[in-house]
Amino acid sequence: MEEKVLVTGGAGYIGSHTVLELLEAGYSPVVIDNFHNSIRGEDSMPESLRRVQELTGRSVEFEEMDILDQAALQHLFKKHNFKAVIHFAGLKAVGESVQKPLDYYRVNLTGTIQLLEIMRAMGVKSLVFSSSATVYGKPVPASGRGPPHRGCTKPYGKSKFFIEEMIQDLCRADTAWNAVLLRYFIPIGAHRSARIGEDPQGIPNNLMPYVSQVAIGRREALNVFGDDYATEDGTGVRDYIHVVDLAKGHIAALKKLKEQCGCRIYNLGTGTGYSVLQMVQAMEKASGKKIPYKVVARREGDVAACYANPSLAHEELGWTAALGLDRMCEDLWRWQKQNPSGLGAHG
């Protein structure tokens, strides 16, 4: 019998790639999503998951649901015998969180508390949580062996930090709980089929979707926020990870839960940092297009460099990021070329 796993927020970028990996690994995912970060396709199915079904030849059980809808969540848990939960659902734009802090705390914190309460009531005490490198605040590099930096500056990062603390407290209070908290660095790229990928609504918040939209002609030029950092070329250095590697990390995390692991925290990154200009050059190479850019003022709160120490994930999960920068950019460009309007243009 295939294990049923609840995936909250499973129609988004990382979620849809993880659902595909779950299916390929023999799990039976049940996905809930409220379409905040996803496109509605045919039959009220998220377009991303419709394409996952097409790629795998398997059906995905999906319910439109908001993480804040306690009654609907309770009903869902009564209907299914879940063995574990992978929790992606939440608001995720760092900049927007500064403008709308209460929204971020309500959705991310209250939504998670309600989910944990229902899990506890139903005896489902295995969780993989989608955390973020933003919990580190401003260390360079983020080591992952020590505690997070308490200098999270934005409500988004704080919400992830508070949830991590909450889950750790829960695991300490009740040893029947097992949780793996995955701190993501920056996912880029797309599935090699180019059928699913990152489809930001409106102006992309992240560097590489913006760069790829410049390459295909949807946007005029890239703004580079500062070229006077203490880095090799003066631009900010970050750790970029292929979304497929990141998705595979969740499969490794589910296996870890079976070991009665308590609460474990891992960085999912490559351990290598690339600057903004290095990323532009890599995308120019992959696309064969010149990517115009202009240097503008630094963004408040940006750090010079942030990259992962993923050694603990390698040691304890047997997980390593396998796909390099060239492959990330090639897959991203293929996705952008074949889906110039994103998932909105069904096909």
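If you go along the chain as it appears here, the first residue is 1 and each next one adds 1.
Each residue, glycine too, has its Cβ placed from N, Cα and C.
Copied from Swiss-Prot, the annotated features are:
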ACT_SITE  Tyr156  active site, proton acceptor
BINDING   Gly12, Tyr13, Ile14, Asp33, Asn34, Phe35, His36, Asn37, Asp66, Ile67, Phe88, Lys92, Lys160, Tyr184  NAD(+) binding site
BINDING   132-134, 184-186, 205-207, 223-225, Arg238, 299-302  substrate binding site
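Features recorded in Swiss-Prot, as mapped to the structure shown.
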| residue | record | Cβ within 10 Å |
| --- | --- | --- |
| Ile14 | NAD(+) binding site | 23 |
| Asn34 | NAD(+) binding site | 17 |
| His36 | NAD(+) binding site | 16 |
| Asp66 | NAD(+) binding site | 16 |
| Phe88 | NAD(+) binding site | 26 |
| Ser132 | substrate binding site | 22 |
| Lys160 | NAD(+) binding site | 28 |
| Tyr184 | substrate binding site | 21 |
| Asn205 | substrate binding site | 13 |
| Gly301 | substrate binding site | 13 |
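For Gly12 (NAD(+) binding site) paired with Asn205 (substrate binding site), the C-alpha to C-alpha distance reads 15 Å. Restricting the binding-site residues Ile14, Asn34, His36, Asp66, Phe88, Lys160 to those with a CA within 10 Å of the CA of Ser132 (substrate binding site) leaves Lys160, listed by sequence position. DSSP assigns Ser132 (substrate binding site) to a strand. Across the structure, Ile14 (NAD(+) binding site) and Asn205 (substrate binding site) place their CA atoms 15 angstrom apart.
Less than 8 angstroms from the CB of Arg238 (substrate binding site) sit Phe185, Ile186, Leu207, Gly273, Tyr274, Ala305, Cys306, Tyr307, each of them six or more residues away in the same chain. Cα separation, Gly301 (substrate binding site) to Tyr156 (active site, proton acceptor), rounded: 13 Å. The least crowded of the recorded positions Gly12, Tyr156, Asn223, judged by other CB atoms within 10 A of its own CB, is Asn223. Secondary structure at Gly12 (NAD(+) binding site), as computed by DSSP, is coil. Checking each of the recorded positions Tyr156, Tyr184, Asn205, Asn223 against Asp66 (NAD(+) binding site) by C-alpha distance, the shortest gap belongs to Tyr156. In this structure, Tyr156 (active site, proton acceptor) is part of a helix by DSSP. Lys160 (NAD(+) binding site) sits 11 Å from Tyr184 (substrate binding site), taking the Cα positions as reference.
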